[in-house]
Amino acid sequence: MEWMWAIAATLLLCLSLPSSASLDRGAGLCSVFVRPFGYPCLEHKVTTLDGFHVAVQRIPYGVRKGGALPRPAVLLQHGLLQGGDTWFLNPPSQSLGFILADEGFDVWVSNGRGTYWSRGHETLSIHDKKYWDWSWDELAEYDIPAILEFIHSSTSSEVFYVGHSQGTIIGLAALTSPKTSRLVSGAAFLSPITYLDHITSKLIRTAAFLYIDAICNAVGLYEFNLHNEIGVELVDKACADPEVDCGNLLAAITGPNCCFNVSRIPYYLQYEPQSTSLKNMQHLAQMIRKGTYERFDYGWVGNLRNYRQLHPPKYDIATIPALPVWMAYGGKDCLSDTKDVAHTLELLTCNPKVLYVEDYAHLDFILSTRARDDVYNDMIAFLKGHFSTK
């Protein structure tokens with residue numbers, strides 16, 4: 001959802017700029033985004049239990065190697081239609097990936113299946129329908145645990161989890177599993193989402209209730225990619241609704257972001273939006289229409305086949321252990337609405353520390369030029385305060 005804004009400047013701009021498909025995939029995220037600024041960066045490949053190859057990058061320390069040891073490991077999980085590059089799109093002084101490395105963290109970066117940096121599979125091609133047969137359920141069930149296991153085996157360190165938007169959806173879902181929660185020593189959630197029934201973005205709500213996801217499925221679309229003509233047509237269809245103001249698509253989707261540098265939008269558009277599965281978009285649309293935080297709904301027959309019950313199992317975040325949890329949300333966010341965040345906080349039993357930024361919308365938490373002072377310093381202090389040197 002959050003990176004549908006990538007067409008925010010204009011639809012023509014989106015089509016005229018180079019898509020992520022034109023980048024040199026062989027170069028790797030490290031070579032494109034991290035090493036040019038003098039930071040060390042290592043490329044890894046993690047294979048999930050269901051056969052997907054996901055790329056993981058490691059920035060073991062900052063520009064100056066000195067500092068306290070051991071270094072706490074932190075996993076950064078991007079949001080929907082993004083890749084791991086989202087943590088490095090601004091200059092080093094403003095990008096969370098660089099900032100954490102300079103603050104003494106051992107930074108690990110996840111790239112979800114199907115995104116630009118994670119297109120491989122043991123047996124399937126990206127052209128196979130079955131390759132795209134997953135939603136965020138599988139990201140929580142397979143991708144996150146596999147990456148956390150890899151980090152733990154590589155470092156023997158406790159791991160902090162940091163997610164933004166969909167990265168919070170899958171992070172919280174993953175933490176309901178005891179096998180996964182035991183690998184995490186604490187978590188930080190930017191623009192946290194579990195429920196979407198109070199989402200105030202009229203464009204996104206319109207798309208969900210027009211069942212655009214079902215229309216795409218009916219015509220045999222399995223990869224959701226806003227760089228192609230179909231992606232643009234979908235936005236056109238949602239914008240045709242008289243209640244939707246698409247004069248400013250960015251604000252229409254995410255809320256009025258206060259503090260990112262709009263002159264960098266052409267740069268961002270070189271790398272985002274990235275692909276996801278249509279099934280993932282269907283799952284998110286179900287959350288909006290039904291107001292639930294549960295597994296993918298296949299319908300009664302499909303649910304009986306997959307879950308042995310008529311309705312999808314719900315994710316019970318009240319079962320998440322008493323981990324240190326930090327959350328930040330904004331007063332202008334049209335995706336992570338304050339009512340839905342309040343609902344999440346009511347259900348959690350771990351008593352999260354909460355930071356509220358009145359003038360922040362959805363993208364400000366990762367692209368704001370002020371984010372270090374407004375958000376990151378508080379989060380970093382929280383993580384450091386809960387790091388055990390034992």
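Easy rule for this one: first residue shown is 1, then count along the chain.
Every residue, even glycine, has its Cβ placed from backbone N, Cα and C.
As recorded in TrEMBL, the features of this protein are as follows:
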type	residues	note
ACT_SITE	S165	active site, nucleophile
ACT_SITE	D333	active site, charge relay system
ACT_SITE	H362	active site, charge relay system
DOMAIN	33-90	domain 'Partial AB-hydrolase lipase'
SIGNAL	1-21	signal peptide
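Sequence features annotated in TrEMBL and their locations in the structure.
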residue : record                           : Cβ neighbours (10 Å)
S165    : active site, nucleophile         : 29
D333    : active site, charge relay system : 29
H362    : active site, charge relay system : 30
Rounded inter-Cα distance in Å - D333 (active site, charge relay system), S165 (active site, nucleophile): 11
Counts of helix, strand and coil residues, the domain 'Partial AB-hydrolase lipase' (33-90), according to DSSP: 10 helix, 19 strand, 29 coil
